[in-house]
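Asker: Residues annotated as active site, nucleophile in TrEMBL: C76. Under the heading active site, TrEMBL lists H174, E176. Residues annotated as domain 'Glutamine amidotransferase' in TrEMBL: 37-183.
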Amino acid sequence: MLAIVDLGCGNLGSVRAGFERLGLAPVTTCDPGAIAAADRIVLPGVGAAGYAMARIHALGLAEVIQQLRQPLLGICLGMQLLFERSEEGGTACLGILPGTVRALKSARGLPVPHMGWNSLARAESGFGLDAGDHLYFAHSFACDASAATTAEVVYGRTIAALVASNNVWGAQFHPERSAEPGARFLKAWLSQ
């Protein structure tokens, strides 16, 4: 079973549709037992880190998510929640990956939030992505590139577009909205 975690602040419909286009029938749930028993888990999110973490704690999901050994994919805010902290409200996150999520800085020609298509500056093989792939982004916070970074994008600074460590992958972009490159990425995640 593929479980999409419902925190009440995610882009559940578009994430579900992205997997349905690949022939899957994901289950949307906030039940800790169902999430722990799932074969694969997607943690989507749109909104504020503080609210999302409050929901994770209220639903009794923090420890469940932290202890997952099956493939886990965080998307956008879901990726950011995988890290130790977010500057957004000084939020303590799940701490699965080391690092702090920092605010993007607006500059001439670089409005915040970063909304729209951007091309990857670098991408490691094995994740279904190539340097130059155009992906859809919608975020105001991001994690700087680190040892776990497998794909990067430049938006004022080099940021992690994709991170991977053991069973955990995190996509700052929205694969479900990223056309063919997004579908390639989801297929790569499903095949790991």
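Every residue, even glycine, has its Cβ placed from backbone N, Cα and C.
Automatic, uncurated: that is what TrEMBL annotation is.
Keep in mind it's a predicted model, so treat the numbers as computed, not measured.
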Asker: What are the helix, strand and coil residue counts for the domain 'Glutamine amidotransferase' (37-183) according to DSSP?
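Answerer: Looking at the domain 'Glutamine amidotransferase' (37-183) with DSSP, the answer is 31 helix, 54 strand, 62 coil.
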Asker: What is the interatomic distance between the Cα atoms of E176 (active site) and the residue listed as 'active site, nucleophile', given in whole Å?
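Answerer: On Cα coordinates alone, these residues lie 11 Å apart.
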Asker: Return the residue, from the listed active-site residues H174, E176, with the maximum count of other C-beta atoms within 10 angstroms of its C-beta.
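Answerer: Its Cβ has the most other Cβ atoms within 10 Å: E176.
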Asker: For H174 (active site) and C76 (active site, nucleophile), determine the Cα separation and express it in whole Å.
Answerer: 6
Asker: Near C76 (active site, nucleophile), which residues of its own chain have a C-beta under 8 A away, given they sit six or more steps off in sequence?
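Answerer: Same-chain residues close to C76 (active site, nucleophile) (Cβ under 8 Å, separated by 6 or more) are N11, P44, G45, V46, A138, H139, A171, Q172, F173, H174.
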Asker: If you average the pLDDT over the domain 'Glutamine amidotransferase' (37-183), what number do you get?
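Answerer: The predicted confidence over the domain 'Glutamine amidotransferase' (37-183), as a mean pLDDT, is 97.
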